[in-house]
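Listed in Swiss-Prot:
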- 44-74: repeat 'ANK 1' (REPEAT)
- 79-109: repeat 'ANK 2' (REPEAT)
- 115-145: repeat 'ANK 3' (REPEAT)
- 202-231: repeat 'ANK 4' (REPEAT)
- 243-272: repeat 'ANK 5' (REPEAT)
- 282-311: repeat 'ANK 6' (REPEAT)
- 525-579: region 'Disordered' (REGION)
- 533-544: compositional bias 'Low complexity' (COMPBIAS)
Amino acid sequence: MHNLENKNASNKKPKKIVVSDLIAILTYLMEIKNKMTNKELWKIRHICLTGSYNNNQMSIMKILMNKFPKTINVPFDKQNNTYLHQSIFNRHKIFVDFFMNELNDNINYRSKNKIGISHLHALVNYGYIDHIETAIIKDPGAIQQLSDDGQNILEFAVIPCFSIISNKNSEPYKKSNTTIINIIKTLSKSITKLDLQSRNKMGYRAIECAVRYCSTDVIDELISLGFSINESRLKNRIFPTINNNDLIGFATQIDRLDMVKHLINIGAPIHMYHINKHNKLLVPTCLVVAIKFKRDQCIHYLLNLPESIQALSNNTIKKYLFNIATNAGCTNHEIISKLCPKTYDDKKLRKNCNRYKISVFEQHENKIERNIKNYYKRRFMILDSISNMLSILCSIYNFSDNDSDLHKITRTVVSLEANLLLKYTTINNVYETVADFVDHIELTDIQYCFETVSNSEIMKASDCIINEYFISMKKLGIFKKINRLIKSKNIINTLLNEFDSDSESTDDDSDTKRACSCGCQSCYDSDEDPVCDSNESDNSNDINNHVKSDNKLNSSNDYYDEDDSEDNYNNQSDDEPLVKNDVVNTINTITPNQNLENTFNENNVMINNINFEKTLNNKHQSFQDNICENISENISEKIPNNNRDNNCNNNHNNNIQGDKELFDKPLHLQYTRLTKLHEHYIHKSLYKLRHPIKLNQYDTVYNLLTSLDPYVKNNNNILVFNSDNKLIAKIFSLSIKSDTDYINDINSENDNVNMYHEKTKLQIRSKPSRWIRFYSQNICGLDKQDPNHMFPFVLDRILNDWPCIERRIRDKIHPDGLDSLLYFYGELLINGEMIRGCFEYFINSNNSVFHRLFREEYKLPQNIRDTLDESINVLSY
């Protein structure tokens, strides 16, 4: 048939074929065929199951099924859908009736498509009551089968129908509440008992789905079936309400006042929340949810309940609810007047309204999408994983020597690992996302923290050893940005808490996404590549593992697993330059096995027998296993005796002994690894080189910024090596007298009084007042590609916090700003010799670098040379 169509298409005037002749030809072809290919099955599906129905389509399908009845269970598209799947999803009732009546003995009702929906699940979801009864009579055990998302048969009965239709002109099918009740009654007649307490991978049951999508009559039917609504909460938490046995709180969250009233009338418990585990202050969780999500009608109703009246009699609880209302942006004066404590005035009211802008949430979600593929299709699980990682980091920072803190950290780690086992994301993606939130690209900090707290042997060690580990973790660079971590944690928790509310819509597409726990409508589109890829054989194991991990968490003795409060920390500046030391991953190597042997002469320094251990990144190994491949290389360098005054020569001779002590210490060789976040920052910093026209040197600068040059950085100096492990640059530390001038300059940035006189003087500072954010168009131009201009670009990442000589002058383009001229004292390998001088940077008030040059010492301005002479304790010469 396929060849016949192609032959006809190639002719200019194809011969018209009568439909009856086509059926006869197809019948003949079927008689001589021994098997059908997937392409042929898909072609017949395209002819029969799309478009409007006619008798010819049924004739073709009957011819196929009479010859090959087993093809009813054969998947033919990328989503592994069968003909029965497609007939149900497209609501071709005549084909469904034909398959169920004529091929009932050949149908495997447990056959799943690629997203884990079986034939019986599809029949129940679309409300084919007569055929449901036929199916459960033939295969009673199929009623207990779960989907790949852990959904049981009752959930498919109450959730909306999946909008998986090929005919775009058709309206999505909606089951009536009467149909849902009849389906539940039909399923209850099965000889196989239904598991009423089964929870899907999101942690909720069928009754929670009914609270969201169905009427109160469906709730009554489920309760008569045996569902319990009097279960206690799993944790002393407010959010999430959907998987914490808080039906009233969940109904309040989705703003279903009719369901709230009905649940209270039939005896559903109003759960009380301990606002602090150290006291007995209780508040209804549904009231907190209603205030947080601004459900005004529910608030008015809940405020009249006896539990709410008793709670509001306490001024502490009143203040707690008032803070939630102001932060949520409540503008209802009647509600505010009932919640406002008597001691509050207008000033305190304004102070408590510290809400985040919508753009802040959008920025965080954009960063998540940049690091995690298909984020919006699996929002809940990914947000939950990121929230757990941020909670781990904040708990490490706040760790004190007690069992409860350690238990909380361990429990959070278990929860994070359970989420990651669901294959919705990877641990490396979470690392990169958290690092992106705080502009900290040193992923090994986060990796080291997680590897440490997830190591059961370390967590079971003595208190002294555990404290040492936590002290070492608190010294990592990631915790210098603790304010950003806490802010990001609060933002992610807000997104997580409002996930169900945000997705609530009357649109059927949104209902469809929520019907599938992964929210992945494209999973059902037969014309797209599938996203969810779960093996049917592994389905039960994954679900059992998930349930076991949930039970471990639920059986914890620590019931008071409170919602994370906003901890207060000292305000500190989190602004960091765009191109900086931590734009790349750095991993410290093990101490070299051999000591460093130094040979010093009067006028030169020889360095021999350095044994480095190079760190390579291996995604399939843990952090401890990443250290491998020992590289032994003889590195020699010779420093010439340049002309310099006697004072500096004496200083050089006095520092030889200090050099010996420096090189006798273990060297920590740091290697770089290109990451997605690295590429993002590099690409952003080169904006001026590609807009509006891409310059010729763009690729050169990009390659230099992403070069993998190793370096060694300690308190005294920086050593930079090339790819052959040869020393090519040194930067020495300078003695710092005081940073008072530096602080004064920062505080008086926009002060125009005597600005020129005060800012032009030279100062030795502990770090530059500003650093590189963008590269200007003249960097690496045709006349700036000599060795002096092309010194290692890795220094642009690691000098942002290094002592330097700085001169600040008025910005001619922006008169209110100040430009910085920076000098870093060191040596550079030029023509095989180490030349002493200064690495010079010129950075304007907008943090754009216009000039980077290594200037030999004899070419330095006299005032720079005099300042260098005044600096004491140059560690290496």
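Each residue, glycine too, has its Cβ placed from N, Cα and C.
Taking residue pairs at least 6 apart in sequence, the repeat 'ANK 3' (115-145) and the repeat 'ANK 4' (202-231) share fewer than three C-beta contacts under 8 angstroms. Across the repeat 'ANK 6' (282-311), DSSP helix (H, G, I), strand (E, B) and coil residues number 21 helix, 3 strand, 6 coil. With DSSP states grouped into helix (H, G, I), strand (E, B) and coil, the repeat 'ANK 4' (202-231) comes out at 18 helix, 0 strand, 12 coil. Each residue of the repeat 'ANK 3' (115-145) gets a DSSP state, and the totals for helix, strand and coil are 22 helix, 1 strand, 8 coil. Counting residues of the repeat 'ANK 2' (79-109) by DSSP class, helix then strand then coil, yields 20 helix, 0 strand, 11 coil.
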